[in-house]
């Protein structure tokens, strides 16, 4: 024991020398003065300063911290008492924590092996569970009424570094057998809390469960973090015997006894930007086709859906979050939903977001509950205490949550995410726990229509089957349809076949994103930012000429670009952009009020106005601008109009109308007669509004679907079951931008009759 005391004294002198010499020009002495002035009881020592003073001492502190924690605490306490004798009461001491680089002792919960037991480690992860803060008795004081004496007893468990562990027997009688009365007011306690820390989702091994480590925090470290926080905890890794099994069975549970907890920002895993990277980003942002370039670079294995890919790019960039002085929180994250027929690559788009976004968590509607997405109150298996456990949306704070099969979720569970999508917090009031957790994440959901496939004769709201209170929280809602077009089907089949034939030079299959990941492993600053042309991957783009060949960014550079634009660019609205947003919002409201065809996919509310602002800000981020211009608002409105009003049909109709007008003008200039379309032509020689050919029976599939949708919406809106062909012709030509001829109307109605959707007799159409 004397040798132990001598060693402790030597270690204490070593730390006193460190504080006296104070590498860093008085940093630690000033820190001790601030600690005394602010009534704090913990001093953080930097490992770099300790290494500069005594390299051997720093190594021994990391390898055998149990021998040095108490001497370090005694040394700091002595210095504090010299500065202010009244700072510490009798028996009190200043605690010591460590920070700085730990070399290979900086690990994740997955890397904690048995070789680290008994050493000091720095573990980084995300807090998933927090127990309640409980008092732990340090010294009990008892009074004997017979003798009038006081008796005190100290308690130390195996987690303590000061002295040896003591027994937990609570005294009820003194040595003479006299009864003792506990003086609770004179007893001393310390706060105690247990945390569960899990490895961060983006760094966890694919296909494996994330590892978790229990952390014990005491005194001033309690309540310094909450579920969902990313932390770096420095502590001693120890093995403790279980309460039920003990040390006889040889089964121990391991815990991390913390001495310092540091909150990490969300940029802990940020990529490193070189000067060449910044130069290339500026060049990309100055291009006129930056939006199309990023959209085409996202998930090149998915054919088409360019507008949806553009929206996903804006979603990952996000707007600017605002916290006003009056406490109002304006979210900057963008929420998006895709509803459509099966096999239109909705789930594949979600997987693409998982690969590109810096932080993304994936879940499904049927496999998720409301508490699993938000937060839950659970019971500790050993102590029975209540603890707060974070859900998927809390863990994805500052990230993206991908929810597939959104329509399969129960209504009760779906209501739980209403607060997250607008207020971006999770409020829990259960089992005596009332807490509010941050869930500042974007939500991208995919769902199937209520009838399995999308019915064009019904309004979008009836197809989706979700309440308006939830739909209005989505900034964008895309209707993804499986259109039967022979030309498009041919292109999709060729694209899918090329994906399956995409192989390496040696004949083995390889990842579609091989180029991107190869660039990630290459640390060359001059690495190419564009994916090299590959016939199997890019098809026959080169045959169409270099100008039409679509450039695609590598995965590595796309990640860097999105991360840089999202976190380092904070645009602000200009007066011109604000006026244009207000005018556009008024036009959208007016258009939705006068819509006779059932409106668009989303209700136009005040949330739509905020959506325009967020989308415009995201587009300004993409262009690396610090101001939102009118052009950004125009680009945002294009995406919003596409999502709400299916602009793909309108653009096609406008194109066909222009072609028809050009044909009519050419025939008029040539002196042709009978070139006007009066709706009663039947010769088949008149110029018609078709994609290919010139006869009335060659009507495009999109025009047929648009006709059926207009007819179905008119029937539902007016509650009628029959109309004359003349009335139908007038109605569709009044609602459509490109008119239909009489022969086209009759041709489409005959197709609907063959499909048993209508019945035609004597010029009257009865809706079945």
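Quick reminder: no glycine exception, Cβ is built from N, Cα and C everywhere.
Noted in Swiss-Prot for the protein shown:
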BINDING   340, 341, 342, 343, 344, 345, 346, 347  ATP binding site
COMPBIAS  672-682  compositional bias 'Gly residues'
DOMAIN    290-497  domain 'MCM'
REGION    662-687  region 'Disordered'
MOTIF     472-475  motif 'Arginine finger'
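Sequence features, as recorded in Swiss-Prot, placed on the structure.
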{"residue": "340", "record": "ATP binding site", "Cβ within 10 Å": "21"}
{"residue": "341", "record": "ATP binding site", "Cβ within 10 Å": "16"}
{"residue": "342", "record": "ATP binding site", "Cβ within 10 Å": "11"}
{"residue": "343", "record": "ATP binding site", "Cβ within 10 Å": "8"}
{"residue": "344", "record": "ATP binding site", "Cβ within 10 Å": "21"}
{"residue": "345", "record": "ATP binding site", "Cβ within 10 Å": "21"}
{"residue": "346", "record": "ATP binding site", "Cβ within 10 Å": "26"}
{"residue": "347", "record": "ATP binding site", "Cβ within 10 Å": "17"}
Additional residues surrounding ATP, by Cβ distance to the 340, 341, 342, 343, 344, 345, 346, 347 centre under 8 Å: 446, 448, 480, 482
For the motif 'Arginine finger' (472-475), sequence-distant contacts whose Cβ falls under 8 Å of one of its Cβ atoms, 6 or more beyond its ends: 334-337, 418, 421-422, 443, 445, 602-603, 605, 607-608, 611, 614-615
Secondary structure content, the motif 'Arginine finger' (472-475) (per DSSP, counts of residues): 0 helix, 0 strand, 4 coil
For residue 341 (ATP binding site): DSSP state (helix, strand, coil): coil
Per DSSP, three-state class assigned to residue 347 (ATP binding site): helix
